[in-house]
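Quick look at what Swiss-Prot lists:
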type	residues	note
ACT_SITE	K100	active site, schiff-base intermediate with DXP
BINDING	G161, A187, G188, N209, T210	1-deoxy-D-xylulose 5-phosphate binding site
Amino acid sequence: MQENLKNDKLKIGKYEFDSRFILGSGKYSLELIKSAIEEAKAQIITLALRRANTGEIANILDYIPKNITLLPNTSGARNADEALRIARLSRELGCGELIKIEVISDSRYLLPDNYETIKACELLAKEGFTPLPYMHADLYAARAMRDAGAAAIMPLAAPIGSNKGLCAKEFIQILLNEIDLPIIVDAGIGSPSQACEAMQMGVSAVMVNTAIAEAKDIALMAKAFSLAVNAGRAAFLAGLASVSKAKASSPLTGFLRD
C-alpha cells in the first residue's frame, strides 16, 4: 500500500502532480504565501489575475516559487466571453494553459453560472487551454462541461468563503459516480476534517483558500490541511469498512455462562 501511495498521481489533462492539495491565494498577505505553500506541500496554486498586476501592488508572482504550477482563474468574469478574455491575458502573462473557469454574475450568493461556464469551456478548449470549470454540483452541467472539453470538474462544497463544509456532498457523490474526470472539491471547505472527509469520498483533490488565509497561524493550518488530504486519500485507497448493522469486533463466545 505504501508503494501505491508513492505512485498515486493527480492527473489533469497532460499534467501529473504528486500533491492532491491545491492552495488558493486570494486572501493572503503576499509575505505569507511562500510559507503557506511550503507547509502545504502544494504543487498547484490558484491565481486571480487582478492580483498579478505590475502597478503599485507587489506582483504575487514574485512570491510564488518557480517550481509551483500556476492555476490562474477567470475571477471577475460575468459571462463566457469575459472568461475567454481573461484566459487570453493569463496566457500572455506566461501563466500557461491550465485555467480555472470562474463565471459568476450573481453578486449576492457568488454562485457560479453553470450555463455560461459550459460555453466558456468550449471556447477555451478550442483555443488550446486546459479548462477546469468551477461549478455548482449538477450532473447535467458536469456532463456538458466534460463534452465541451473540461479536463476536470471543480464543484463547490458550500458557498465560497462560507467554511460550511460538504453541504453538497450527495451531489458531489453523483459526479464521482458518473463523470470520468478528476473531481476537485472547491469552495466552502472550512476545516482539515472536512477536507479529509472529501478525500475519503474519492475526490481527486481539494482546493482550500479562506480556511487557511483566515487562520491565526496560516503556515500551521496549511500543514494541517496537507496532512488531512493525505490521510483522506490513504483511507480511500485502503477501502473504508461499511456495514449496515452492528457487528462485534470480538467473538461472542458465551464464556460467562460456562
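Note that Cβ sites are derived from N, Cα and C of the backbone, with glycine treated the same way.
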Other C-beta atoms that fall within 10 angstroms of the C-beta of G188 (1-deoxy-D-xylulose 5-phosphate binding site): 23
Binding-site residues (N209, T210), the one with most neighbouring Cβ atoms at 10 Å: N209
G188 (1-deoxy-D-xylulose 5-phosphate binding site) - helix vs strand vs coil (DSSP): coil
Shell of the 1-deoxy-D-xylulose 5-phosphate site beyond G161, A187, G188, N209, T210, same chain only (C-beta within 8 angstroms of their C-beta centre): G24, A158, P159, I160, S162, N163, I189, G190, V208, A211
Neighbouring C-beta atoms (10 Å sphere around the C-beta of A187 (1-deoxy-D-xylulose 5-phosphate binding site)): 27
